[in-house]
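Q: Grabbed the feature section from TrEMBL, which reads as follows:
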| type | residues | note |
| --- | --- | --- |
| DOMAIN | 1-77 | domain 'Dynein heavy chain AAA module D4' |
| COILED | 91-164 | coiled coil |
| DOMAIN | 179-361 | domain 'Dynein heavy chain coiled coil stalk' |
| COILED | 250-291 | coiled coil |
| DOMAIN | 389-443 | domain 'Dynein heavy chain ATP-binding dynein motor region' |
Amino acid sequence: MDWFSRWPKEALVAVASYFLSGYSIVCSNETKRQVVETMGLFHDMVSESCESYFQRYRRRAHVTPKSYLSFVNGYKTFIVYMCVYKGLDKLMEASESVAKLSQDLAVKEKELAVASVKADEVLAEVTVSAQASAKVKNEVQEVKDKAQKIVDEIDSEKVKAETKLEAAKPALEEAEAALNQFPKDTINEEMVELLQPYFNMDDYSFESAKKVCGNVAGLLSWTLAMATFYGVNREVLPLKTNLAKQEGRLAVANAELGKAQALLDEKQTELDKVQAKFDAAMNKKMDLLNDADMCRKKMQAASTLIDGLSGEKIRWTQQSKEFKAQINRLVGDILLCTGFLSYLGPFNQIFRNLLLKDQWEIELRARKIPFTENLNLISMLVDPPTIGEWGLQGLPGDDLSIQNGIIVTKATRYPLLIDPQTQGKTWIKSKEKENDLQVCTRQWERNLEILPKFQLNLPVIKLSPLQLFANYSPLSFVTGI
């Protein structure tokens with residue numbers, strides 16, 4: 001058997017400080033330091049009381065480092081209480097979130113209404129600008145069509161004139177070669193008519209004139225060429241005149257087209273600005289629509305959560321009120337509760353009260369650690385319905401039996417019951433009836449070894465402390481007794 005000496009107070013304080021340093025406790029740093037020191041002091045007090053208990057009742061009670069570690073770890077159950085409080089906190093936060101989301105949604109809906117009106121105004125402005133631009137565009141298109149028509153007419157007439165001029169070109173070149181300096185464009189119809197009788201003469205030809213005189217032949221050729229040119233030029237001159245007029249009209253049309261195009265560009269610029277303004281307004285409207293929709297979905301989800309937990313909310317709210325009243329005293333109350341669960345199981349009611357009232361509470365007052373005066377451990381650790389259920393299962397209703405039931409169900413270590421009247425055995429068998437309970441008195445060591453493997457509940461009946469210590473080593477890996 002391994003036997004361990006008592007830890008010194010400094011070691012106890014160091015262990016408690018190590019395990020609790022990372023936990024947030026609702027108290028000042030000084031109070032937390034006092035709690036750590038008080039844990040070691042509680043352990044020493046119980047160690048000294050074990051000898052007094054033996055001297056008075058001839059019953060052995062043992063306190064080991066495992067008891068102290070259980071005490072320190074049990075104190076962390078304070079986090080469980082905080083989880084209850086935080087659970088309500090989240091529910092209240094959800095309720096407040098719904099109210100906040102409702103307000104945000106109302107604001108967003110107002111903003112959305114304003115944005116919708118603004119978008120409609122901008123849309124009307126865009127419509128007017130678009131209509132004006134379309135009108136100007138139509139006018140410009142008419143001017144373009146008109147100018148194009150003039151261009152087409154000029155091109156057609158120009159082609160005709162050039163065709164006829166091309167036909168007269170040989171005669172013109174011949175006449176120019178004969179008398180290039182003569183103003184050919186001054187030839188008129190009267191001149192041609194006066195020359196016509198001569199042209200009709202049989203001997204009025206280049207060959208006849210050449211026989212008479214070479215110069216006369218050249219003059220004859222020129223008169224014939226001029227007459228031919230006149231015939232062609234008589235049709236071409238009106239075309240040239242009309243072409244000049246059409247080119248003037250084209251210049252005017254191009255000027256009008258330039259003005260119209262400039263006006264169209266101006267209107268298009270205005271339209272682009274208004275369109276950009278409209279797009280921005282519509283984007284803002286869509287953003288507000290999306291925000292409002294998202295806000296509405298969040299509010300609906302939160303409302304669904306709250307409605308689904310409405311029953312829990314009432315219970316949590318009641319517990320929260322009680323918890324808030326105890327919040328400042330929990331640091332000491334939890335210390336007393338965990339000390340009770342870890343150390344006071346082996347003692348009778350007299351020594352339990354002696355340690356709780358006459359030693360632990362006095363020490364808490366001396367160290368100014370807040371706790372609840374006349375703390376009822378039973379109501380602190382178990383609710384009335386559970387006590388009633390235990391009673392139906394065979395547990396006596398006195399405080400000592402209920403305290404023992406609390407230790408059995410809530411302590412972190414396996415319980416060892418001294419049960420001469422078999423009340424505890426009856427209660428455990430009834431309580432664990434539905435959990436595949438196995439009861440044994442013989443070969444308990446073998447059954448106890450396979451118990452963790454199959455996760456079975458195995459109460460061992462009629463076992464002496466010597467038997468326990470002699471056979472405890474195979475279970476050294478499980479929580480101690």
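Cβ from N, Cα, C; glycine included.
As the structure is a computational prediction, the values presented were derived from the model and not from experiment.
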Q: Would you mind listing the long-range same-chain contacts of the coiled coil (250-291), meaning Cβ under 8 Å and 6+ residues beyond its ends?
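A: Cβ under 8 Å, 6 or more out: 108, 111-112, 115-116, 118-119, 122-123, 125-126, 129-130, 132-133, 136-137, 139-140, 143-144, 146-147, 150-151, 154.
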Q: Count the residues of the domain 'Dynein heavy chain AAA module D4' (1-77) that DSSP assigns to helix (H, G, I), to strand (E, B) and to coil, and report the three numbers in that order.
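A: Per-class counts: 52 helix, 0 strand, 25 coil.
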Q: Helix, strand, coil residue numbers for the domain 'Dynein heavy chain ATP-binding dynein motor region' (389-443) per DSSP?
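A: Across the domain 'Dynein heavy chain ATP-binding dynein motor region' (389-443), DSSP assigns the residues as follows: 28 helix, 1 strand, 26 coil.
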Q: Summarise the model's confidence over the domain 'Dynein heavy chain ATP-binding dynein motor region' (389-443) as a mean pLDDT value.
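A: When the pLDDT values over the domain 'Dynein heavy chain ATP-binding dynein motor region' (389-443) are averaged, the result is 81.
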